[in-house]
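Each remark here refers to the structure printed beneath this line.
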Amino acid sequence: MIANDWIQILVSLGLIVLIAPLVGRYLAWIYQSPHLSLEKGIYRLLGLDADREMGWKEYAAVLVVSNGVFFVAGYLVLWAQGILPLNPRHLPPLSPEVAFNTAASFVTNTNWQAYAGEAQLSNLTQMLAITFLMFVGANTGLASLVAIIRGFVREGSATIGNFWADFFRFFLRAFLPACVLMALVHVEQGSPQTLSSSVTAKTIEGAPQTLIVGPVASLESLKHLGTNGGGFYNANGAHPYENPTPLTNTLEFLEMGVFTFSLPFFFGRMIGRPRQGQVFFAVIFALYVAGLGLIEYSEKMPNPLLASASVMQKTTPLQDGGNMEGKETRFGTTQTSLFSNTTIAATTGAVDGAMDSMNPLAVLVYLVHMFLNEEPGGKGVGFAGLLKEAILAIFLAGLMVGRTPEFLGKKIESREIKLAALSLLVTPILVLWLSGLSLVLPAGKSSIDNPGPHGFMEVLYAFASGNANNGSAMAGLNVSTPYYAISIGLEMLLGRFLPLLPLLALAGSLARKKTLPENAGTFRTDTPLFILLLLGFMVLFAALTFFPPLILGPILEHLSMLHQIAF
Amino acid sequence: MKKKNLLDSKVILEASRQALIMLNPFKLVRNPVMFVVEIGSVITTAITLYSLIHPDGEFLFTATISVWLWLTIGFANFAEALAEIQGRAQAESLRATRADTQARLVVPEGIRTVPGNTLKKGDQFLVEAGEILPTDGEILEGVASIDESAITGESAPVIREAGGDRSGVTGGTRILAGSLRVGVTNNPGETFLDRMISLVEGATRQKTPNEIALTILLVGLTIIFLVVVASIPAFSSYEGVLSSPTVLIALLVCLIPTTIAGLLPAIGIAGIDRAFRANVIAKSGKAVEVAGDIDILLLDKTGTITFGNRQAVQLLPAKGVSDEEMAFSSWLSSLSDDTPEGKSIVGLAASQLSSPVAPQGLRPIPFTPETRMSGVDGPEGEIRKGAEDAVRAYTGSAFPAGISEIIAEIAGSGGTPLVVARNKTIMGVIHLKDVIKPGLKERFERLRKMGVSTVMVTGDNPLTARAIAQEAGLDDFFAQAKPEDKMQLIKKEQEKGRLVAMTGDGTNDAPSLAQADVALAMNSGTQAAKEAGNMVDLDSDPTKIIEVVEIGKQLLMTRGALTTFSIANDVAKYFAILPAMFVVSYPQLGVLNVMKLATPVSAVTSAIIFNALIIPALIPLALKGIRYRPVGASALLRRNLLIYGLGGIAVPFVGIKLIDMILVLLHFT
């Protein structure tokens, strides 16, 4: 690494640390102030009573049913693309299983793409199905977090808020304005924003070339701000129209981090204990930075196989070095490390380089980020997951101070443990069993392009990504087959809603409880000791659950690489 | 009570016998984690038998694994059995004191002698000096001095009498003097002793709320590890490695939290047992557990914080009165006063006079509610002592200069002033003071560090109450309290979400005892109080509640520490077993064998042996409980995380390596 690399990292991380607390404070204001007249108008128009408080069951039901309706609507648009307008290239509809996969993918904020955007979707589909569901996914995630936070704030209450009010407030006061603003910036930087679908250009040799364009800039800002990740183009953030300049690369990095990293601060403000928010931020940021460090170390590492072939792999002020395979030379290793660590950690899933070409240790980091899915994790649900881990860690460690464990004044008893454990079970079951199944079934094995641990990682990565609602793909695996389209489609839906429902129930249970006053015998959760405890618990737990596949995948490939064995 | 030796060979034999009985799957299913181990053991045993019939070279390995898996369950059962036997041994020694006594039952036609264990609730019996009480009851008539050492271990006899708050008697205790008519309060088999015995025997033992929550977490972890291990055959078959079912089962058993699951029942039983060793009978395990969560401790002033009676500490003469005159008047005023206060005045005054002689013809004037004074009439005239306002009413004039100041000073320091007058002339003021029991201040400090605040409840005026609260180091006080105020105070704190503990003995304490979260009733108290509380202290020592709180905390801490230890152990076991599973196909993975275990066979075997042996190794800790120090939650957590968290990661690395070295010596590789 050279000074330039350090500057890139420090500036990027510094901007996140500066902006996130401010955004957190702004988000707290959004949810602690009365309705705006614009919002009242919308509620009246839609016939919604945004002041009616909902119990957790009703909140969960409205959330699931509304998402179900949006899912069906998205599916219909994808399925009917052939007969809908704004389709000058007469693109055919997606196959039913890919349409199912895509609707599931976008409604769950995953943005797994079993299709190639520019080749298969019309501009209307990009706007009506893709863009619309991107908004739905991100808003739903944030609304659910707000409801879960109310479980901690409220006392002796049977309700946890109104889903629609939570849904629209973020959308109207933060998400939409930010998307519009950043779309304009992306246009200024060179991203297309048009309703026409292609332009014909003349190449240097004079040959005609058809360039696919469309509403790219608006999708781009939304894709990152909502931690969605689905690109207009198949090459995603590595495509020059999606990510034209090093400045947009950094802006997109910030867009991914700005809301997700602000959520701990938001939480601290909402519960009236800003220090608690800072502590959670420290946990998230520590895991994030540790991941970044390992990726950067791994990607700056000269490949031993190329080194023996005397390839120059050193970083100098004139050329970037390390593992340059699959990287945009416009961005280089450090920008790619920053971008990829953020896109995975924040479950965006957009990429600006080829994940399949990363060194095994970097893939190890991506996998662990997706297993944990909480540092910072997807919009809202990531932080909700962190609260669940905190509850379990506090229960275990809290016993060691000789009291029934409490978190923020709420007693943690068998019902809370049952719900948190239920939510925790989903990830191991979905990821381990679905990837295990795919490694055994012929329908699963036939899609694998690479042998040995590399092919193993590609399958594991796909299901880790689907479950985490991440959406990034390692590639090297043909996922457009009916088997993968349906299995990953189902996994995305289950991975989204199965862990979320117990957490809403948990919020309902906590809201009913009394908030106990603290005393000297209470174990404090806003201290450095708690940061270490939670970090230790999360890492230990993820390691215990995923040690076998990690050994057989990235660790085996890394050790093999050191032994000059390639797969 | 004598503690039975843990390693008594008879005890071990009995515990082992019970451990075998508990292998019954219908019983073991109560402990889901160990039930999973049992299923695994059955499968590996079947594999062993199969390889005996169809030799495949795996026989010795699977047989060894099977044996250790069965031992794992056996050790867990042994821990539980041992805890139960320990409790039962103590109950047994109690039961011995209740050897078949005869009772003289009161029947309409007179008295009939019946066996003591046939007495029913509502019966009445007579008992006199030298006899043993056949059962629990409430004195209806008479007063007696009773030797309760059989129950409390305390050799000093206690006085019990009809009416009031000291009317309860316990079966098995002996009357030293006096005779009583006693009403039976419990049916046979339901006395406190019986309940206690059945409790420690585990007969009526139910899982406590916290134990249930922890069990849910352990089941959740077990399911996760089942999911993990079940996915391994698919992964390894893709990589071209065949997985051995025996190794997979060994891995599963190593990963699921067998250590804590095996010790959990023992920890709970041992908690109740520790309370019992402190002579506290907890009516349920839950009561002990809740004691650890207490936020506020309500303590009566009299009898709990202070000795029951006030003592004279100073005699302050009025202006113009000599010290000797004042002492003599005080002495005279209390000569016929039999109360402890009166006696202390006589004692103090006598020490300031040289052998005083009482004049002839003294006529005692007893205390009456109307005059609120007592004293004597005699050659020296009328001598009276009483409270400030009573004496002022008696003299009919204002106090001479200085007296009011002295009175205010005494009251301000928490004392009680008694004014002495001779022939309606003020002689001076006696300073009576509450004497705080020694060592309380330190105990309250300990409680404060645990996060328990102490509140004194007293009928005294606020000034006196404040002074005593300050001197005893209490956090707060509630002055001029009537019995019903206590109830209000408890409810108010509970509404704020706090858990309240209290002690009590009187019938008027019963409603508050029922309302409090932890209520320690005194064994000397009334039946109503004992019924309302959820614990009874056989020693009738109100400060015992502090020990109960510590026992509750220790119980929770032991559970948390051993759970953390159990889970942290998994890291080393992974490093032992996973490389062993794959190193033959992928020699690169050999670097993960950080313990340098000899062979895959020795690695898996060492891990499973460690996993089994750690249970008996931790039995003493589970029964004794981990050490509790009142240092505050954060320091406690830091310490325990270091010992049981980091220690839990490190210990098995050493242990597994040592076992592997032994296996190499035995050529088991």
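For all residues, glycine too, the Cβ spot is worked out from N, Cα and C.
Of the residues B:K301, B:K319, B:K385, TrEMBL puts just one in the ATP site with B:D337, B:E341: B:K385. With a cut-off of 8 Å between CB atoms and residues at least 6 apart in sequence, the same chain places B:D165, B:R166, B:A521, B:M522, B:S524, B:G525, B:T526, B:A529, B:S540 near B:D505 (Mg(2+) binding site), listed in sequence order. Geometry remark: B:D300 (active site, 4-aspartylphosphate intermediate) versus B:D509 (Mg(2+) binding site), CA distance 11 Å. In this structure, B:D300 (active site, 4-aspartylphosphate intermediate) is part of a beta strand by DSSP. Between the recorded positions B:D300, B:D509, B:D509 has the most other Cβ atoms inside 10 Å of its own Cβ, all protein chains included. If you take every residue in the domain 'P-type ATPase A' (B:100-201) and average the pLDDT, you get 80. Sequence-distant contacts of the transmembrane segment (B:59-79), counting only residues of its own chain at least 6 positions beyond either end whose CB sits under 8 Å from a CB of the stretch, comprise 15-16, 18-20, 22-23, 28, 31, 34, 37-38, 40-41, 44-45, 47-48, 51-52, 246, 249-250, 253, 258, 261-263, 265-266, 601, 604-605, 608-609, 611-613, 615-616, 619, 622, 668. Only residues 6 or more beyond the boundaries of the transmembrane segment (B:571-589), in the same chain, are considered here, and those with a CB under 8 A from a CB of the stretch are 232, 236, 239-241, 243, 247, 250-251, 254-255, 595, 597, 599-601, 603-604, 606-607, 610-611, 649, 652-653, 656. Through the fold, the transmembrane segment (B:212-235) approaches residues 32-33, 36, 243, 248, 251-252, 255-257, 260-261, 264, 559, 563, 567, 581 of its own chain, all at least 6 residues removed from its boundaries and within a Cβ separation under 8 Å. Long-range contacts of the transmembrane segment (B:247-272) within the same chain: residues 31-34, 36-37, 40, 43-44, 65, 69, 72, 75-76, 79-80, 82-84, 86-87, 199-200, 202, 205, 207-208, 211, 214-215, 218, 221-222, 225-226, 228-229, 232-233, 282, 285, 288-289, 551-552, 554-555, 558-559, 562-563, 565-567, 569-570, 573-574, 576-578, 580-581, 604, 607-608, 611, 614-615, 618-619, 622-625, each at least 6 residues beyond the stretch ends and with a Cβ under 8 Å from a Cβ of the stretch. At the 8 Å Cβ threshold, with sequence separation of at least 6, the transmembrane segment (B:601-621) lacks contact with the transmembrane segment (B:32-53), having fewer than 3 such pairs. As a summary of secondary structure, the domain 'P-type ATPase A' (B:100-201) carries 16 helix, 45 strand, 41 coil according to DSSP. Note on the transmembrane segment (B:641-668): residues 60, 64, 561-562, 564-569, 571-573, 575-576, 594-598, 601-603, 605-607, 609-610, 613-614 of its chain, located 6 or more positions outside it, place their CB under 8 angstroms from a CB of the stretch.
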